[in-house]
Amino acid sequence: MTKQTEYKRKPEWLKIKLNTNENYTGLKKMMRSKNLHTVCEEAKCPNIHECWAVRKTATFMILGAVCTRACRFCAVKTGLPTELDLQEPERVADSVVQMGLKHVVITAVARDDLKDGGAAVFAETVRAVRRKNPFTSIEVLPSDMGGVEENLKMLMDAKPDILNHNIETVRRLSDRVRARAKYERSLEFLRRAKEMQPDIPTKSSIMVGLGETREDLIEAMDDLRANNVDILTLGQYLQPSKKHLPVLKYYPPAEFAELKEIALSKGFSHCEAGPLVRSSYHADEQVRSAKEKTAGS
């Protein structure tokens with residue numbers, strides 16, 4: 001077994017405390033009863049116990065649980081997706097009420113089988129949550145929806161509080177990590193979102209540990225800022241299974257702190273960086289920080 005394919009042992013700083021209190025079990029039961037999915041479970045997020053048990057937050061995953069893409073880092077199931085569930089937006093909105101969320105993140109599997117990439121259901125979910133939860137801030141995390149401008153406009157017209165779209169990795173590694181998504185297309189998606197709704201903060205995320213260099217990461221930060229992205233999250237890539245891309249490096253907390261300082265020096269309004277940081281980690285704090293800085297500028 002070569003160093004490139006070795007299933008590396010996680011360092012101490014990546015070990016997490018499991019907490020399965022009544023908040024955790026209650027949320028799990030509610031999701032099952034409403035036939036809803038969360039990216040927390042489907043993508044095997046390491047923060048699920050903190051978010052569900054302590055912070056009582058969750059990221060809803062709409063448009064089913066089967067993705068039409070097969071990115072080599074992702075644990076979400078791939079294959080032929082299910083039919084659209086047109087009642088899903090209302091069930092998500094009802095769940096936000098039941099959970100008493102102040103901030104909700106709505107993401108989705110990629111639906112390349114749909115002409116609009118799922119934009120209509122995405123937009124209706126935003127509107128449904130807004131109707132039933134007028135004081136809840138809403139963050140959306142869509143795929144690139146095929147790079148079709150009309151699809152993005154449909155979503156942005158629903159006026160989410162924050163638009164999040166992840167480039168996932170650096171330019172040099174993008175084709176290997178997510179072959180059916182394109183680095184430049186993601187940058188264009190983020191740029192267009194800001195052009196359509198200048199007052200809505202935009203956000204993106206990068207995983208580290210896939211073989212990128214410091215120079216690669218700085219280039220990616222510059223690319224995001226050149227396309228007016230406001231918020232950046234940086235987290236450690238964790239190999240979901242031996243079928244996925246291997247971890248080539250575990251970044252220590254101190255290196256994440258350095259990367260955060262670099263990101264802030266580039267002009268990002270907020271940067272969340274750490275071994276266990278994921279795109280939706282402390283999302284409520286990120287959107288609040290971005291809005292405060294926008295209001296003060």
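Positions of Cβ are set from backbone N, Cα and C atoms, glycine also.
Swiss-Prot lists Cys40, Cys45, Cys51, Ser280 with the feature [4Fe-4S] cluster 1 binding site, giving sequence analysis as the kind of evidence. According to Swiss-Prot, the feature domain 'Radical SAM core' maps to 53-269. Taken from Swiss-Prot, the feature [4Fe-4S] cluster 2 binding site covers Cys67, Cys71, Cys74, and the record attributes it to sequence analysis.
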Average model confidence [pLDDT] within the domain 'Radical SAM core' (53-269): 93
Same-chain residues at least 6 apart in sequence whose Cβ lies under 8 Å from Cys67 ([4Fe-4S] cluster 2 binding site): Cys74, Val76, Lys77, Thr78, Pro81, Val109, Ala110
Mapped DSSP class for Cys71 ([4Fe-4S] cluster 2 binding site), helix or strand or coil: coil
Listed in sequence order, residues not in Cys67, Cys71, Cys74 with Cβ within 8 Å of the centre of the [4Fe-4S] cluster 2 site Cβ atoms: Arg69, Ala70, Phe73, Ala75, Val76, Thr78, Val109, Ala110, Arg178
Reduced DSSP assignment, Ser280 ([4Fe-4S] cluster 1 binding site): coil
Binding-site residues listed as Cys71, Cys74, Ser280, least Cβ neighbours within 10 Å: Cys71
